[in-house]
């Protein structure tokens, strides 16, 4: 009996709660902050009523405690997901899969009055019934749904932005109560620990939900329309006209748009964008300009009635990362940023007399002074305006150019409002999702659409530079006092007493002179994701005007394989390609484990910047052809200076097997005898940048060369299938084998050998020779050596598990690319060949494996192997040259967001004293004293290394101060012209530890004419290293002699450790 009483009480409680639920719901008003039910959705409401009677007691209490809204929100989210999946089209009988090309994409918010007038206006637009009208909503509203439902004159689809503030009112992407207020100062935000405290925009403001939602919505809807709406798939002829609910179209808007399309080739063949509206004075005039168009470089002022073709959209999404990361909440100004940085300003053709007019004033930027009534009057006035000018509409005569603007409006500053890493991640994640869906749909691959919750959670859970990335600290700016103190300490070994005393005075002045620069640098650090990263990319890399190989492109020499013929060469190449494709899948699916230093996560950004990227030469600063997940379906193969396109994915997007790839590469064996070497061109990428750039431009202007450059630029990477590194007469170059192979991978050995079988502009070149040797050459702009060795270690592990391949006998997919060289370019190419060969000949190298000890010995003695090597390098240089020199060792800043490197200055006073003691001819210093000096040198090295990797070095700070001065037209401090600074920046020793799991060594050139390059890979019981020098003006440098001194220094240090360790043990006994 008691059971029935409890059940009866439970049911009555549920009924009471349900009545309360609907009473509260009916009291809600429909405005920009309320939750309006989609009353047209009977199924959803039916489900809601059913679920409300099946709540547990805890759920009932929760619903009551949250004032009903949370339950309604969950239903809205379900509604949005289901509607976006259904893609229901009203008036489908008017739609044609083959002839409907124009898509009117209307972004709708809550302005019902505007939308009603907009729909009435559309009825008067000629040929409107031949378009597809898509309303993209960021707000669910019953009255809006009724208006859309009643449209009968055009096919209509409704889509709903799934991350709106309405759906997430009190959590990201909406307003999380723990987020920072917009105007709070950063130091207060950090002390209050609000969620997004590290990420104010360039003006010091924090995210505003209603503002950032505009860019999110714009980006999402275009990704969705081009990639996800089923009836539009496989349609490369689409033209999307971007509209809003407060736009007015002239009756001939579509007519005029079609006329611009038809006459484009005559008027402006290079134009990529059509625009029906404008903000020029001529926009509200017709008279004699009704049939006139104007041409300009695209800018935000031409965003009104802008169209986007499918091909232009593909160009935009190639730079999706830049769009998602630029600190500007405006979609149009973000595109201006892309235009300036990546597109080289596309041309736009626009109607001189506006066919699209913006009428509304009650938008996001008009919160106080707007009036719906005055706007309605403007609608009526605009209608009369077009009626008055009826005679100028629907022009029959050919279009003529009213004005042609040649000026490129520079982007002077970005507008901010988009600095929160969560916004950047969300936009990138939604892009990634819909790009994958588009690919799956296009190739008939099953695609399992994740829920909104799943998609949203991807922002938090992705491992590659996302979840961990958002928690990484920003790169700090050191203090002037700290940098000044360390500067004096690091230059002391390089100066005599008089020079050092003078330097102390200069450094005092520097601290005073740099105060305004420091303030500007701190301000930059507050507004940029990383105050250094863009400068580092532009100033250090892309503005570099000398050669890439030797100076900037390192090479990686891999362990020798067992094959010794061409068939083995291409079998190994096929396995390598397959391994890289697998690694790419891990990168794209965010499955690369986060690197750590101890327990600290490291920035993973560089992993996404190795594949699919190419550097493009330009006159003053190069540009980068960036990676796009939907592209890069092939590898560019170089063989005998010929270039081939090798597809590595099938039509369904599946990776080709190693056997299929091998079968395609066998075509090279079949044609090896008849396939003559192509005219030299690859060597051009080894020339000085300012000389390569004009040749590249001339070759690019030849239409027949488009396929050639696209094959390289859009490739996942370059595969270089080399010939043996020997002269045409068969006489081997007189070098030891390791050195010989190292030179080949570093620069190709000149045009007689393999330099023309390279493309040094490509970020990743995999080089496979026929004698079992293989390696990598990589362009350094976007990634450090450790990122490359991680990829190589993965690929070599993969190759160990492979079996010999058997040809599948399928037709080869390999397609040879032809390059047409104009007569007036031939001389420039010939001159380039001479320069490149002379440049390459100047480089000398030795590659060596020191066999006596490695990491295990250092570990047993509780010492750092890196510190031991650095101290040994100081001893070797002192023994050979009788002095110390400025030393650069690369230290990682990947603990910080977008961190690259800081200089570890290994030439310390302590290292100098030890090197002098170890170089005495008569061994006057005792073993105990030497050992004490050694430990002091090791401690100094360890301390500076710790400072450098914790952003407390001096070099990046000094660089930043100099660049901020130049950027603001301010005088640079006198220190930068002082002898101490010049000596400190003249890196006699350019060193780096690039560790690898396999038996590899990285190779690069010296930083200065009279210097050494030295890279090393400590193994358990040995040390792989290389030494490079130049032959001309080299100050007496010699790689073999230096290598001998380095070996003896390592041996002597080992003996010193063993002797003193034995003494210590004996004393204890």
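Cβ coordinates come from backbone N, Cα and C, glycine included.
Cβ neighbours within 10 Å of residue 780 (active site, proton acceptor), excluding its own Cβ and spanning all shown chains: 19. Taken from TrEMBL, the feature active site, proton acceptor applies to 780.
Residues annotated as substrate binding site in TrEMBL: 107, 108, 109, 110, 111, 138, 213, 214, 215, 216, 217, 284. DSSP classifies residue 111 (substrate binding site) as coil under the three-state reduction.
What TrEMBL lists as Mn(2+) binding site is 246, 358. The Cβ neighbour count for residue 358 (Mn(2+) binding site), using a 10 Å radius over every protein chain in view, is 18.
Taken from TrEMBL, the feature CoA binding site covers 855, 859, 860, 861, 862, 863, 864, 865, 866, 892, 942, 993. DSSP gives residue 860 (CoA binding site) a helix state.
Residue 888 ((R)-carnitine binding site) falls within a strand when secondary structure is assigned with DSSP. For residue 888 ((R)-carnitine binding site), the count of additional Cβ atoms within 10 Å of its Cβ stands at 22 [all protein chains shown]. Residues annotated as (R)-carnitine binding site in TrEMBL: 888, 890, 901.
Taking the Cβ of residue 180 (disulfide bond) as reference, residues of its chain lying under 8 Å away and at least six apart in sequence are, in sequence order, 189, 192, 194, 195, 196, 197, 200, 206. In the three-state DSSP reading, residue 180 (disulfide bond) counts as coil. Annotation comment: TrEMBL describes 180-194 (among others) as disulfide bond.
Annotation comment: TrEMBL describes 268-271 (among others) as disulfide bond. Within its own chain, residue 268 (disulfide bond) has 295, 347, 349 as residues 6 or more apart in sequence whose C-beta sits under 8 angstroms from its own.
According to TrEMBL, the feature disulfide bond maps to 362-370 (among others).
As annotated by TrEMBL, domain 'Choline/carnitine acyltransferase' applies to 475-1045.
Per TrEMBL, N-linked glycosylation site is recorded for 69.
The signal peptide annotation in TrEMBL covers 1-20.
Around the Cβ of residue 109 (substrate binding site), 25 further Cβ atoms fall within 10 Å across all displayed protein chains. For residue 215 (substrate binding site), the same-chain residues lying six or more positions away in sequence with a CB closer than 8 A to its CB are 328, 329, 330, 331, 334, 418, 427. Ranked by how many other Cβ atoms sit within 10 Å of their Cβ, the binding-site residues 213, 860, 864, 890, 901 place 860 at the bottom. By a simple count of nearby Cβ atoms, those within 10 Å, the most crowded of the disulfide-bonded residues 194, 271 is 271.
Annotation for the binding-site residues 111, 217, 855, 862: lowest Cβ count within 10 Å of the residue's own Cβ, 862.
Around the Cβ of residue 107 (substrate binding site), a 10 Å sphere holds 20 further Cβ atoms from the protein chains shown. All protein chains considered, the CB of residue 942 (CoA binding site) has 15 other CB atoms within 10 Å. Among the binding-site residues listed here, namely 213, 217, 358, 358 has its C-alpha nearest to that of residue 271 (disulfide bond). Look at residue 194 (disulfide bond): DSSP puts it in coil.
Neighbours of residue 246 (Mn(2+) binding site), defined as other CB atoms within 10 A of its CB across all chains, total 23.
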